[in-house]
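To start, the structure itself, in structure tokens.
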Amino acid sequence: MALRFEVVGRFNRARAAQLTLPHFVCQTPLFMPVGTQGTIKGLTNNQLEEIGCQIILGNTYHLALRPGADLIDEFGGLHKFMNWKRALLTDSGGFQMVSLLHLADITEKGVTFQSPVDGKPMLLTPEESIQIQNKIGADIIMALDDVVKTTITGPRIEEAMYRTLRWMDRCIAAHQKPDTQNLFGIVQGGLDPVLRDICVRGLVERNLPGYAIGGLAGGEDKDSFWRVVAQCTAALPEDKPRYVMGVGYPLDIVVCSALGADMYDCVYPTRTARFGSALIPEGVLKLKNRAMANDERPIDPTCPCMVCKTYTRAYLHCLVTKDAMGSQLLSYHNLSYMMKLSRDLHTSIVEGRFPEFVRGFLRTQFPKGDVPEWVCNAMEVAGIDISSCCASFSPSH
Amino acid sequence: MPVGTQGTIKGLTNNQLEEIGCQIILGNTYHLALRPGADLIDEFGGLHKFMNWKRALLTDSGGFQMVSLLHLADITEKGVTFQSPVDGKPMLLTPEESIQIQNKIGADIIMALDDVVKTTITGPRIEEAMYRTLRWMDRCIAAHQKPDTQNLFGIVQGGLDPVLRDICVRGLVERNLPGYAIGGLAGGEDKDSFWRVVAQCTAALPEDKPRYVMGVGYPLDIVVCSALGADMYDCVYPTRTARFGSALIPEGVLKLKNRAMANDERPIDPTCPCMVCKTYTRAYLHCLVTKDAMGSQLLSYHNLSYMMKLSRDLHTSIVEGRFPEFVRGFLRTQFPKGDVPEWVCNAMEVAGIDISSCCASFSPSH
């Protein structure tokens, strides 16, 4: 094990923790920007440090294609190659293979697919995935899992869950650097609580440094989503980090943190930036909107980031979807927003005011009190009283 | 001056521009008038406020883009008629309109609308354009509403014809403008003609006013023109070549796309103090260029740093009385085999700078 996870604050299921990784000491809950191929689109390393980014996710599939695992290895790992001084996490490569390559096929051996370079058949096995990730050298590496979309039903889900456990053992056996790289297991099982339970217990038996909740953020209804997260966080060990993969929207992150999750990743903040949308406490600001054309306010007057301190909505309106600078500046702002959200979650828990933070967050996002029912249900399980945020209740409480 | 087309330098934030020592940015009036529009900029109190750029700005007249971008543009005494790119309707950019738009944009330096003709063209059109430029100069001066806060520069035209150039210079000097540009170059003419026009103009323009060679350019061109007495330059080259994966280095150009870069762990330029060279290797940049926008961004940052450093080195070496040494060092690094182009040798002779030690055809010791 190459990490230390120390809980420094709690509110019911929510935890604030210090996660000490080989390259950096992180505060959780935290959001990881997705750096696909060793960069976050639009931001320099300096800028990432400026906004308080602690850990970046790299996609093993993309990195193995370009620049290639051996080249990265030659350079002493991805940290050195991209000169990123803080923490890195790599995924297994499996997800991209399944989602990007329509001829991908999963067998017990691994994921067979057509190489996007020359069309030849290739096989990504658990062993190969770990080998590549060992070369890349990230602080946290992910097991190759058999991931199935939650919108699918039937025996495939059970098959995938058991295979994930079998592949976990192969990943553990293949892992060459347990002293410097933390291999996380991924809980699968679709939306079936029985399968999820079996998977959790199977992974916990293997005593891993950390655990991810996988297979979500793929189109399932929100009610099912939070229930799976709640079940897993209740069953996973208290003293190890829990990472909900592919999440997500700020609201989802707040809910999952209330339920006891610690780490998140999603392309949403940077992707939505490229479509001209900025994340603000009230929700989303669409810079393309004609009303922005002569709005001299910053994106968010309460935001301390470089973009909000320098540029107006009117200026950004000109750029978005017409000049790459628009994407760049919105990405900067959106990631600042996510970093600030992470810090606010951590600090509000540590300072014993997490419920107040959650209520403030919800009031700002839902000023009319129309908090979605799934959020109300999740917060009830999380033991956080948000009745004052919901219109269906009496306003004073 | 980096070219900021529509109020941004592609890929760099204002902070980063200040970091690299950028003093003044060029904005293209044509593009700004289309987006976001002169009136909106005016509402916001000018382009400085709109883009929150605290240093200097220069706008061109809009004429060049119109002629180079719009194939149906037509030049008459009134102005430049063209088809609006928005709705196809016929529009007219007059000297008065150009100045009015530039007054709204509010840049420190504004350019007269000139009748610019490519130097590769010959014949009576060049003479017509030169005289028209002088007539339009007067209309620009008359239309200029803010002479106390915005400096209207005139542009010397006349093609490659020394007689025409001389008439134009004298005509503009008579009008006692705050500064003068040498226009109509950097358009495909041979280098020998290029430097000679610059030399002629810098010799004839007033000593006590800035001279701006428009559209220049390559570092070598800037060094030569500075030796001949020019002061200001603009070009899209550094940022454009960055987007094609090329980095400016003292030796010339480094092509990051080249396969040899794939495992080269050096920075672009070990002598360069910029953020990119202090942070990233050639190998890393090789992965990005032409595949990830980050490649363009980082190379633009480096290339503009390079140009800012070149500017500072020119200024400082002159101030410190070691300009010839700087020029020699520059040429030796760019032409290690001593194959300095003849036009450079000729220009330096006129500039009175001894570069014989840089040229292979001379004996190495001097």
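The backbone N, Cα and C atoms fix where each Cβ goes, glycine too.
Note that the coordinates shown come from a computational prediction; the quantities given were computed from them, not determined experimentally.
Feature annotations, courtesy of TrEMBL:
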| type | residues | note |
| --- | --- | --- |
| DOMAIN | B:1-334 | domain 'tRNA-guanine(15) transglycosylase-like' |
| BINDING | B:Asp60, B:Ser61, B:Gly62, B:Gly63, B:Phe64, B:Asp114, B:Gln157, B:Gly184 | substrate binding site |
| ACT_SITE | B:Asp60 | active site, proton acceptor |
| REGION | B:215-221 | region 'RNA binding' |
| REGION | B:239-243 | region 'RNA binding' |
| BINDING | B:Cys272, B:Cys274, B:Cys277, B:His302 | Zn(2+) binding site |
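Here the features listed in TrEMBL are placed on the structure.
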| residue | record | contacts (Cβ under 8 Å, 6+ apart) |
| --- | --- | --- |
| B:Asp60 | substrate binding site | B:Leu26, B:Gly27, B:Asn28, B:Thr29, B:Tyr30, B:Met111, B:Met214 |
| B:Ser61 | substrate binding site | B:Thr29, B:Ser98, B:Gln102, B:Ile110, B:Met111, B:Ala112, B:Leu113, B:Asp114 |
| B:Gly62 | substrate binding site | B:Asn28, B:Thr29, B:Tyr30, B:Ala33, B:Leu93, B:Ser98, B:Ile101, B:Leu113 |
| B:Gly63 | substrate binding site | B:Val80, B:Leu93, B:Ser98, B:Leu113, B:Asp114, B:Asp115, B:Val116 |
| B:Phe64 | substrate binding site | B:Tyr30, B:Val116 |
| B:Gln157 | substrate binding site | B:Asp114, B:Asp115, B:Val116, B:Val117, B:Ile126, B:Ala129, B:Met130, B:Thr133, B:Leu164, B:Arg165, B:Cys168, B:Gly183, B:Gly184 |
| B:Cys274 | Zn(2+) binding site | B:Ile20, B:Tyr301, B:His302, B:Ser305, B:Tyr306, B:Lys309 |
| B:Cys277 | Zn(2+) binding site | B:Pro267, B:Ile268, B:Asp269, B:Pro270, B:His302, B:Ser305 |
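When the region 'RNA binding' (B:239-243) is classified with DSSP, helix, strand and coil residues number 5 helix, 0 strand, 0 coil. Taking a C-beta cut-off of under 8 Å and a sequence gap of six or more, B:Cys272 (Zn(2+) binding site) has these contacts in its own chain: B:Ile249, B:His302, B:Ser305, B:Tyr306, B:Lys309.
Cβ atoms under 8 Å from those of the region 'RNA binding' (B:215-221) belong to residues 185-187, 194, 233-235, 237, 248, 306-307, 310, 330, 334, 344 of the same chain, restricted to positions at least 6 beyond its ends.
Around B:Gly184 (substrate binding site), a 10 Å sphere centred on its CB holds 30 further CB atoms from the protein chains shown.
Residue annotation for substrate gives B:Asp60, B:Ser61, B:Gly62, B:Gly63, B:Phe64, B:Asp114, B:Gln157, B:Gly184. The furthest Cα pair among them is separated by 16 Å. Break the region 'RNA binding' (B:215-221) down by DSSP state and the numbers are 3 helix, 0 strand, 4 coil.
Taken together, the residues of the domain 'tRNA-guanine(15) transglycosylase-like' (B:1-334) have an average pLDDT of 94. In the three-state DSSP classification, B:His302 (Zn(2+) binding site) falls within a helix. Of all the Cβ atoms in the protein chains shown, 29 others lie within 10 Å of the Cβ of B:Asp114 (substrate binding site).
Apart from the site residues B:Cys272, B:Cys274, B:Cys277, B:His302, the chain places the Cβ of B:Pro267, B:Ile268, B:Asp269, B:Pro273, B:Met275, B:Val276, B:Lys278, B:Tyr301, B:Ser305, B:Tyr306 no farther than 8 Å from the centroid of the site's Cβ atoms, the recorded Zn(2+) location.
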